[in-house]
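Participant: Sharing the feature lines straight out of Swiss-Prot:
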BINDING   9-12, 23, 75, 82-83, 136, 150, 165, 222, 309, 326, 340, 351  UDP-N-acetyl-alpha-D-glucosamine binding site
BINDING   103, 222  Mg(2+) binding site
BINDING   360, 361, 379, 397, 414  acetyl-CoA binding site
REGION    1-224  region 'Pyrophosphorylase'
REGION    225-245  region 'Linker'
REGION    246-435  region 'N-acetyltransferase'
């Protein structure tokens with residue numbers, strides 16, 4: 001829809017979140033709520049702007065990382081507070097202008113499209129609320145919107161109305177430009193309300209209609225409890241879509257999946273699995289209580305109780321319980337248990353014994369460990385990086401490897417065992433006959 005502009009209002013302080021962090025940067029399913037609504041906005045137009053004030057630079061930086069083309073506007077909260085005041089400095093360029101909120105991350109592009117396609121000069125979203133407290137009441141007369149009355153300014157009769165303002169609007173641009181300068185702040189909060197556009201539009205004979213929407217999709221987030229409710233809704237949607245696409249989940253209610261994660265082929269997620277960040281998982285099994293972060297997993301089985309940290313690429317590999325991989329590239333490897341494999345590259349056919357550690361950090365910098373094909377690493381081995389282990393190598397159990405190992409070699413680095421006969425009885429002052 002190249003003829004449509006979208007303005008997202010995100011200038012509020014979000015005091016009910018009780019945090020120094022801006023409200024719109026709180027995450028749902030791994031991504032800030034402002035990013036969720038931006039994704040939906042860009043699904044229908046390339047003309048998108050965000051109105052900011054509190055922590056403008058911080059929010060703008062996060063937005064620009066993902067959507068650099070986004071227009072950033074600043075609201076003058078001192079002189080023009082309120083939702084209409086937010087549009088004071090915004091550039092309105094499309095034939096239609098959709099105005100929505102940055103704290104409604106469950107809104108879908110299809111919802112915005114319905115507003116844009118409405119046969120009206122102004123279309124506003126509304127729903128029948130089970131509990132309308134806190135919402136602006138929508139006064140509908142003859143199928144048209146007569147007025148919107150904010151909770152703070154509503155009479156007893158108006159408070160009984162359950163049809164409420166969901167917070168999104170679509171205006172014909174020329175009408176919005178005509179009406180905005182006419183809005184006054186003559187209300188208890190001394191704010192410029194966007195809802196007043198309805199009253200003014202009706203006075204001027206413009207057509208204002210209500211578009212009924214889902215209360216769930218238009219849920220606003222004002223505190224951390226509402227954040228948790230919205231995240232559960234989004235999690236359920238993500239998991240339902242994935243299961244319908246062929247991903248098998250054991251106890252799906254216990255699983256967390258980031259909204260950026262992608263799955264391909266037949267995958268299994270067991271209970272209490274967390275898939276964090278932009279993971280790509282293909283034809284793999286992730287066993288119970290495992291955590292995968294920003295990594296690529298293909299043709300592998302991971303866990304249980306494994307931790308795959310960011311920038312890992314694991315292919316055709318078995319990762320067992322209590323194994324941690326960080327920034328590791330593993331192809332055709334077996335690492336069964338109790339190992340740390342950080343900043344490493346391990347080739348096919350290699351077996352990593354229990355208790356193996358890549359010692360990748362010297363207190364100042366991280367170093368890489370490279371392990372070739374068909375290497376057998378005995379239990380309780382320390383590989384002190386930087387170090388290269390060639391193909392076809394055996395590392396003896398209990399070794400600390402500090403130098404490169406050539407192909408075909410046995411590397412052993414440990415003290416020679418010595419057995420002192422009778423030492424137990426001497427040490428504890430016991431006679432051998434007393435046993």
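Each Cβ is built from the backbone N, Cα and C atoms, and glycine gets one as well.
What you see is a predicted model, and the numbers here were worked out from it, not measured in a lab.
Could you place these features in context, so I can see how deep they sit and what lies close by?
Facilitator: Under DSSP, residue 9 (UDP-N-acetyl-alpha-D-glucosamine binding site) is assigned to a strand (E or B) in the three-state scheme.
With a cut-off of 8 Å between CB atoms and residues at least 6 apart in sequence, the same chain places 10, 12, 14, 23, 24, 33, 220, 221, 222 near residue 103 (Mg(2+) binding site), listed in sequence order.
A coil conformation is recorded for residue 360 (acetyl-CoA binding site) in the three-state DSSP classification, outside any helix or strand.
Cβ atoms under 8 Å from those of the region 'Linker' (225-245) belong to residues 17, 26, 28-29, 33, 36, 105-106, 216, 219, 252, 255-257, 259, 263 of the same chain, restricted to positions at least 6 beyond its ends.
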Participant: Any idea what the Cα distance is from residue 360 (acetyl-CoA binding site) over to residue 165 (UDP-N-acetyl-alpha-D-glucosamine binding site), rounded to a whole Å?
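Facilitator: With the alpha carbons as reference points, the distance is 57 Å.
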Participant: For the binding-site residues listed here (309, 414), tell me which residue's CB has the most neighbouring CB atoms inside 10 Å.
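Facilitator: That would be 309, with the highest Cβ count within 10 Å.
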Participant: About how far apart, in whole Å, are the alpha carbons (Cα) of residue 165 (UDP-N-acetyl-alpha-D-glucosamine binding site) and residue 397 (acetyl-CoA binding site)?
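Facilitator: Rounded to the nearest whole number, the Cα-Cα distance is 69 Å.
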Participant: Roughly how many Å lie between the Cα atoms of residue 9 (UDP-N-acetyl-alpha-D-glucosamine binding site) and residue 361 (acetyl-CoA binding site), rounded to a whole value?
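Facilitator: Spelling it out, the Cα of residue 9 (UDP-N-acetyl-alpha-D-glucosamine binding site) and the Cα of residue 361 (acetyl-CoA binding site) are 45 Å apart.
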Participant: Non-local Cβ contacts of residue 82 (UDP-N-acetyl-alpha-D-glucosamine binding site) (under 8 Å, 6 or more apart, same chain)?
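Facilitator: Listed in sequence order, they are 185, 189, 191, 192, 193, 194.
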Participant: Which one, from the binding-site residues 9, 11, 397, has the smallest tally of other C-beta atoms lying within 10 Å of its C-beta?
Facilitator: 397
Participant: Looking at the binding-site residues 340, 361, which sits with the largest number of other Cβ atoms within 10 Å of its Cβ?
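Facilitator: Output for this query is 340.
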